[in-house]
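For reference, the structure is listed below as structure tokens.
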Amino acid sequence: MAGENHQWQGSILYNMLMSAKQTRAAPEAPETRLVDQCWGCSCGDEPGVGREGLLGGRNVALLYRCCFCGKDHPRQGSILYSMLTSAKQTYAAPKAPEATLGPCWGCSCGSDPGVGRTGLPGGRPVALLYRCCFCGENHPRQGSILYSLLTSSKQTHVAPAAPEARPGGAWWDRSYFAQKPGGKEALPGGRATALLYRCCFCGEDHPQQGSTLYCMPTSTNQAQAAPEERPRAPWWDTSSGALRPVALKSPQVVCEAASAGLLKTLRFVKYLPCFQVLPLDQQLVLVRNCWASLLMLELAQDRLQFETVEVSEPSMLQKILTTRRRETGGNEPLPVPTLQPHLAPPAEARKVPSASQVQAIKCFLSKCWSLNISTKEYAYLKGTVLFNPDVPGLQCVKYIQGLQWGTQQILSEHTRMTHQGPHDRFIELNSTLFLLRFINANVIAELFFRPIIGTVSMDDMMLEMLCTKI
């Protein structure tokens, strides 16, 4: 009977008997499938009927044999198919809600027309809500009563977040709305002024300066805020006392170490083969331009540490007496005074370095020590500083430019062989040379060499050291 083709096959009675047979049959073990449920193939679309009827004089079966799973499925468009698909959508597990970035506070459409109350401008009613261009939802218009209530409740019930470090106070301390006067909310030009405005920096709403809402939270914060310790001003801030004169705490030890470092620096430069082929005048041009930077690299390599003390500035009476003594004594130089912690040296004899200038030297030394620069890396950095093609008065520019480029190439190859991150190490080493721009050569001369050489200029001393054997 199962293999025969009966004439009532496809009728309602045949389908009911076949369904009862499949229901009372012993359930078979479900096979493991790659897909949870099969929803038929394209055979269910032919013929496309919405109701069970007679298409072309022939009965249309409610079920069809699937080409994928081999089972019977209801035809698409039939009543049975619609019932099954609607039941599937009803009992399907709800999807997890997507994570939203935060509440949307509308677009610029809420400002047109800018009204403070809901009224009839121009004889047309203004809707309290508008459709947002970003999220597609309805938001209250800015300046309306509903908008003010929502923004006020948002600021009241939201948990206070930790304040971020800002360079100049809170966002509402900006002068963006300071040009709008008025301590009370009024109607300038017949229009009501909104209590809040949209900030251009953070995109949030803040109360206007001068309004009652602005004065209330600011006064509360000022009354209840705990006194915090103000951060120290940086060394380049002239208003924090960074221009106060300082001197070495142990001048004899530090000056001797600096003199030894200068001798080693000039010995390193003088006996370079590529430097010896230059004329004496070109050698002098290069050394006079970069001796201070080369000395700083040498002091960093020797790990020279020094301390300074503050000295008092000379009074007007001391300046007058010093000038009169020099006029009466002729051109005889003043004796070098013994540097004591709080004894002011004569202002005409030398300019005492300031605390900010000395701090720039210490910052450079600390930067070099933090990188643990090797001896070869110090030598390549010295070569980069020495062969500077931008020095004024230099004639062999192409030759010096080639030497600097070759030194940088050797340094790059060395860092690639000794470190895994070649570009990071190479950039860090060259970044130390940028700090040398904040160090003045006259400050180094006054701090380390003036107590020893007196009134002799550093240029004359460089010429003497280049001409003599050291």
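Cβ from N, Cα, C; glycine included.
What Swiss-Prot records for 205-469 is domain 'NR LBD'. Restricting the average to the domain 'NR LBD' (205-469) gives a pLDDT of 79.
The annotation region '4 X 67 AA tandem repeats' is assigned in Swiss-Prot to 1-253.
The repeat '1' annotation in Swiss-Prot covers 1-67.
Swiss-Prot lists 68-133 with the feature repeat '2'.
Annotation comment: Swiss-Prot describes 201-253 as repeat '4'.
The motif 'LXXLL motif 1' annotation in Swiss-Prot covers 13-17.
What Swiss-Prot lists as motif 'LXXLL motif 2' is 80-84.
Summarising the annotation, Swiss-Prot assigns motif 'LXXLL motif 3' to 146-150.
Taken from Swiss-Prot, the feature motif 'AF-2 motif' applies to 461-466.
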Do any residues of this chain, six or more beyond the ends of the motif 'AF-2 motif' (461-466), have a C-beta under 8 angstroms from a C-beta of it, and if so which?
263, 266, 270, 280, 283-284, 287-288, 291, 453
Looking only at the motif 'LXXLL motif 1' (13-17), what are its DSSP counts of helix, strand and coil residues?
5 helix, 0 strand, 0 coil
